[in-house]
Amino acid sequence: MKVVECKDLTKVYGRSNALNNLSFSIEENKITGLIGRNGAGKTTLLKIMAGFLHHSSGEIKVFEETPFNNLKVSANSIFIDNEMSFPPALSLKELLITAGSFYPYWDQKLADRLFDYFSFNPNIRHGNLSKGMKSTFNMIVGLAARCPLTIFDEPTSGMDSGVRKDFYRAVLKDYLAHPRSIILSSHLVEEVEDLLEDILLIKEGEKCLHMPVEDLKEYAVGISGKTAIVDEVLSGKDIIFEQSIGTDSTYVVIKKDGSQKELEKAEESGLELTAVSIDNLCLYLTSKTTGGIDHVFS
Amino acid sequence: MYLAEVNAWDIVKKQYQYKLQSYMGVFTSLIVIQIIAILFSFNGTGMSGGGSSTFSYSLNYYSGSMILIFTMIWGLITAIIITSKAYRYDDYSFITNRGTTHTSNLLFLLSASIFAGITVLLCTHFIQVLYIYSVNSESVMFEQLTIIQNLKGISGTILYIFFFTSIGYFIGSLIQISRLFIFVLPVLFFGAVIADGLGKEQSMIPHVIKFFGNESSFGLFILKILAASALMYGFAIIISKKLEVRP
């Protein structure tokens, strides 16, 4: 069964489109990373999935139902971000108990253990926590709720690096013990790529690509060498990224399209082939121009 | 993957419990307001006197109506606050949809009205007791009410407060649609009162008060108040249908 299915999903804010004809589907029990630059529409997409926002046109189905104002979707999904709001009258401990009374698959033991591990004071109020502590607490709620669809929107914002690592580890461990669909948005691809199975890359509200992380590692190749030779070898190729190094060298990223021979030929003619990290590839794919920041200063 | 099937009524019950716990501040403010109202009432709501060359007398009236008015305003404001963003977002941190949110809000406001109605009655008695002990007076007279009359009084009080919460809920929902209503509603209200006052005979406010306040048949009174409250809540639910949850 498909957990999330979008067809030509569009969301209009005023005159600009936050999402533009987005179509994709997410299979169940996968950890998907939603990657994109600032303002690409990640949060908008996730909020539509969680039923917080209306979409303008197209179709979205979560568990085969339209998510907006849907109790079934609400019960089986949880949306975690750092703007989650909890009533100031309840202490952290009471909030966990309340969450437990709502979510049918809630694991109170896990919640308590994580709560103690991150040494929260049970009597403190959510509003008095620091930004990183809020994110950590929200993460505990998100994990312990064990919802079939768990959505983390920039979950690690404000966390220090120790807690971030703990968080990724906790997600992975709990996912292995209790498989479910997890969608995690982030722009720190490097940190999450080991955790993810699939990557959904969006750019300016449109889908850039959606594929398993393993495939993405093989998606492109970096070529560097003398500009003249690079230009010759790569004429007519689909160039993802280009950067000049020094006076007469160039670094180019191109899409691998199976022509292994051509690559070998390039290597023979003195060019250096390198793998492209997923982090960089995502940056290159979503940058608005091919020249990068250098163009501004040239 | 097993999807949990949830029953809307179950969620309403859970939300209601959650609200009773997390909206405790509402009851604290009620107590503060009623204490202030008691202080105001202590001056008496009316006075008359007279005398001749050989004697003089003065009559002071004390009633709980000041407390009721304060409590009704409290109900109005409480309902407006509950529709505000901060409170709505609290719901959406857990399982909910619009329907369950409205229903649990309504149940909460109804319970708050019942609680407030009972405390209004208790405050009224409190004033009487306070008066007997503190004021040196020749004679104090009470209106003696039968149990039936007391029950009627208390349910009437509750209904008035509930009616005001429904008005507040409607106003609050309008404000959630557009902030402009914060300015528009007072202008409309005071504008209408002033425009009404310009005419020869003031008609609007007295008519409304007469319609709801001077109903001699208790059954008809209940019907009027409940119908008006249902109308207000109904409008609130309809206009909030399109509202997005968290931008």
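Each position is counted from 1, following the chain as shown.
In case you wondered, yes, glycine gets a Cβ from its N, Cα and C as well.
Among the features that TrEMBL reports, transmembrane segment is placed at B:23-42 (among others).
Per TrEMBL, transmembrane segment is recorded for B:62-84 (among others).
Residues or ranges marked as transmembrane segment by TrEMBL: B:105-133 (among others).
The transmembrane segment annotation in TrEMBL covers B:153-171 (among others).
TrEMBL lists B:180-198 (among others) with the feature transmembrane segment.
Residues or ranges marked as transmembrane segment by TrEMBL: B:218-239 (among others). Remote same-chain residues near the transmembrane segment (B:218-239) are listed as 83, 98, 102, 106, 152, 155-156, 159-160, 162-163, 165-167, 169-170, 172-174, 177, 211-212 (criterion: CB distance under 8 Å, separation of at least six residues from the stretch ends).
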Per the Cβ filter (under 8 Å) with a sequence gap of at least 6 from its ends, the transmembrane segment (B:105-133) is approached by 12, 16, 19-20, 23, 26-27, 30-31, 34, 37-38, 41-42, 62-64, 67-68, 71, 74-75, 78-79, 82-83, 140, 142, 150, 153-155, 157-159, 161-162, 165-166, 169, 233
Per the Cβ filter (under 8 Å) with a sequence gap of at least 6 from its ends, the transmembrane segment (B:23-42) is approached by 62-64, 66-67, 69-71, 73-74, 78, 81-82, 87, 108, 112, 115-116, 119-120, 123, 126-127, 130-131
